[in-house]
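Worksheet: the structure to be examined is printed underneath.
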Amino acid sequence: MQVKPIEQRDADYLMDDAHVTIRGLSKKFGDVVIYDNFDFDIPRNKITTVFGPNGCGKSTIINMIADLMPRDAGEILINGKPVRETRIGYVFQNYREALFPWLRAIDNIRYPLQFLNLSKAEQKQRVDKLVEYFGVKIDLNRYPYQMSGGQQQLVSIMRSLVVEPEVLFLDEPFSALDYEMTLMMRDQLQKVFMETKTTMVLVSHDLEEAIYLADWVLLLSRHPAQVADFVNFDLPRPRHADSVIDPHFVEVKASCLETFQREVRKG
Amino acid sequence: MKIGTKFYPLFGVLGLVVVWYLGVLSEIVDPILLPSPGQTLAAIYNGMVGGELLFDFLRTIERTAYSILIASVIAIPLGIFLGSSENLYRSVEFVVDFFRSTPASALFPLFLVIFGVGDQTKILVASFGAALVILFNVAYGVMNARETRLLAAKVMGASRFRVLTDVMLMESMPQTFVGLRNGVSLALVIVIVAEMFIGSVDGLGYRVINAQMLFQMPDMYAAIFVSGALGYGFNLLFLTLEKRFVHWSGK
């Protein structure tokens, strides 16, 4: 399948070395048009966060990219291939319902490996490496329901990373966690990103989080969703608690907030 | 005080025995119809230790066990199959609900004509009743599998078949056990009623009706209490199995 050549593109947020390309995407829920002929490119080896008004289709877009939800029209390619031919990871907001409670945490993490044709030794190596990345101190022989929310979501993230996905999607992954745990998990995710450079797309309802984690922030308009802005945030990593008072952060946040409020007022 | 709470159920038992004794002592009830707790206990003991009651008890267990086994073998796979497609289940839902609501005892004459007066009829009618209860619960368990979990398996690369075996099947387990528990108590009811029918020569139902006809009241009460204990025991057994195999249930 061919991606539309660059000269036919009309917006400056479309790029040459995109990891995920979205062309002519349309989606309706009943009579409500969520996406109408939507084009977008997701950059490679970057964290792109998606932020926008409630109900604008933030989660819808990653669900359609991940093929968890059918689209009405359009083409979505990951590295030029349909999603079915690529390895992706997906982290759900509701970790309680996403993990398998009948499996121990370690077996939850191993579960997707069986679809990859790896030897036992390779499988073990994958898991060990991951445990090392995260510096996991929790007992992975426990069942998910014996763990705290943050630990469960950590297991979820490990399960999505163990296949070494081309793209990792995260749908408001920390919104069900308490603040302390959220801060810790953001930094865990950032650490993994710095180690692996995995392309990530993270939906957030928290602007500060969206900017803190992002290389690029995609601001969506009210539905039908358009790109309200696509903002680069290049504060060097690792970012930490103080980053949110860095002048660059404050400036980007102010700009994003202005765009967001303009979009909200339109509705 | 905390240690005391687990003995609370004993108070109810004690209360029952006291009321029973008072009933016997005051002769409110004809002494022939209501033997004393001691006489009844003695009848249970004599019957269960080397007596005929033990044999009848084992025969009823055997029939109920066969019933629930046959019912499970048929209803669990069928329930998974029907539940895996909501449209399919909706098509057969009325038929399942109709026969689930039909008292299985109404089917005895039919089964007697087809299978005769032997064990077959008793076991099959009980299986029939239990199977529908199990089927209904399994199908609902499969249909109510958490959407997120199914999507999680799909996104990790599980085929539709693997989603069914790895997720839907496991998701249906808690509800399956609800079905099994309801199924086994229904099967026991049907087996005991069936044992009261013509042509029966053993079983707790036979023991109850036989003692009644011979006016051996302590034996009749003994058989009734043993039936109660059996029903309670089956329930306990399935609850224990559930805790062991569906450890995540309700968590």
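Heads up, the Cβ atoms here are built off N, Cα and C, so glycines get one too.
Curation plays no part in TrEMBL annotations; they are all automatic predictions.
Feature annotation from TrEMBL assigns domain 'ABC transmembrane type-1' to B:57-242. If you look up TrEMBL, you'll see B:7-25, B:64-82, B:94-117, B:123-143, B:178-200, B:220-241 marked as transmembrane segment.
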Same-chain residues at least 6 beyond the ends of the transmembrane segment (B:94-117) whose Cβ lies under 8 Å from its Cβ atoms: 124-126, 128-129, 132-133, 135-136, 139, 186, 190, 193-194, 197-199
Interface check, the transmembrane segment (B:178-200) with the transmembrane segment (B:64-82), three or more C-beta pairs under 8 A: yes
Residues of the parent chain within Cβ reach of the transmembrane segment (B:7-25), under 8 Å, 6 or more residues beyond its termini: 31, 34-37
